[in-house]
Amino acid sequence: MSEQKTILRALAGETLPTPPIWMMRQAGRYLPEYRATRAQAGDFLSLCYNSELAAEVTLQPIRRYGFDAAILFADILLLPQALGADLWFVTGEGPRLSTITCQGDFDKLVGKDDIHDHLSPVYETVRILRRELPEETTLIGFAGMPWTVATYMIAGQGTKDQGPAHALKAENRPLFEAVMDRLTEGTIEYLSKQIEAGAEVVKLFDSWAGSLKGEDFQKYAVEPARVITQELKRRHPGIPVIGFPREAGEGYIGFAKATGVDCVALDNSVSPEWGAANVQVDGCVQGNLKSSHMVTGGQALVDETRAIVEAFKNGPHIFNLGHGITPDADPENVQLMIDTVRNG
Ligand code: CP3
């Protein structure tokens, strides 16, 4: 039965007449029902760890729009918190964490097998969702990739150029690699539990992959993606994996072959024509409408949506944005995008 779900068919390499569709950050602040549930939960982290309410916000965009997939509501920074980092969110600014600058900071972290008590509400959210989602909707679990998560753990916050993580890599490579290895192992255990709880696909978010160049890209973006993907597939044969090495540019070429991911998500720095010629040749791709169209709407949204569907029509494709939808988006523009994808 589940083999019939459109997203799973595309991930298996099938070219569908209409691409299945979902949207990064589809549960989010642009939706009034999300804002209401979030106010009920208190802050963002309380919402992430409240399984009933996290499942509720995951379901909201499915009810409103009938997307082909739901993505678990959580955050990539829950894993570092489970590993022992302090984590909080400053309204209007973003995440803050305790930093990692020396071996002593690293030694405070727990091992990969000691994360599950902390993360058990997330696994419970997955179990609730598998019960409550419509039969045709695919449930996607996710984690941040080691490099992206490390950039936040090392700096203690988001950074424009990932400077502190690059500096640690240059100045204390053994410590940097210890952080990367702990995150790689932890990510495998975390995603494995999401799959056991009912996630049907997992997505690996490497939002800052674009700042890794040359050999660093191979070692710290491609290699962790390969290790995580291979181990998940060994433990859970057939589990589809979506890789998102955001802004990888030329690094997108051959990424699926090198890592074993079933689908590569494309951001907005590449054109759909380029993606079709260079990435879709190896299998399924996901993407890549600019999130700004969800704010501005109109004919430009329709034209650009049609152009993306057209560019990817000869191979497996999952329609999505190139990055998350922003809080200032108009919910009606999301409907217009979906109608354009489904009705032409
Ligand atoms: O896509 C989804 O809907 C699934 C849930 C999800 C969230 N964050 C919810 C969220 C996912 C997959 C993420 C991934 C994530 N989180 C990334 C990688 C993807 C990307 O966007 O590049 C990163 C870097 C983070 C870390 C993070 N979480 C930041 C930097 C912020 C603050 C920025 C902001 O938008 O305010 C968050 C908060 C966050 N994560 C929100 C949501 C819905 C907004 C929280 C709120 O309600 O205030």
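Each residue, glycine too, has its Cβ placed from N, Cα and C.
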R25, Q26, A27, G28, R29, D75, Y152, S207 bind substrate per TrEMBL; candidate in H317, H323 listed for that same site: H323
Distance from Y152 (substrate binding site) back to D75 (site 'Transition state stabilizer'), taken between C-alpha atoms, in Å: 12
Sequence-remote partners of the domain 'Uroporphyrinogen decarboxylase (URO-D)' (20-29) [C-beta within less than 8 Å, at least six residues beyond its ends]: 6-7, 9-10, 35, 38, 57-58, 60-61, 65, 67-71, 73, 140, 318-321, 323-325, 327, 334, 337-338, 341-342
Residues in the domain 'Uroporphyrinogen decarboxylase (URO-D)' (140-156) grouped by DSSP into helix, strand and remaining coil: 10 helix, 5 strand, 2 coil
Long-range Cβ environment of Y152 (substrate binding site), under 8 Å and at least 6 residues apart: L77, P80, P95, L97, G158
Overall pLDDT for the domain 'Uroporphyrinogen decarboxylase (URO-D)' (20-29), taken as the rounded mean: 98
Cβ-Cβ neighbours of H323 (substrate binding site) (radius 10 Å): 21
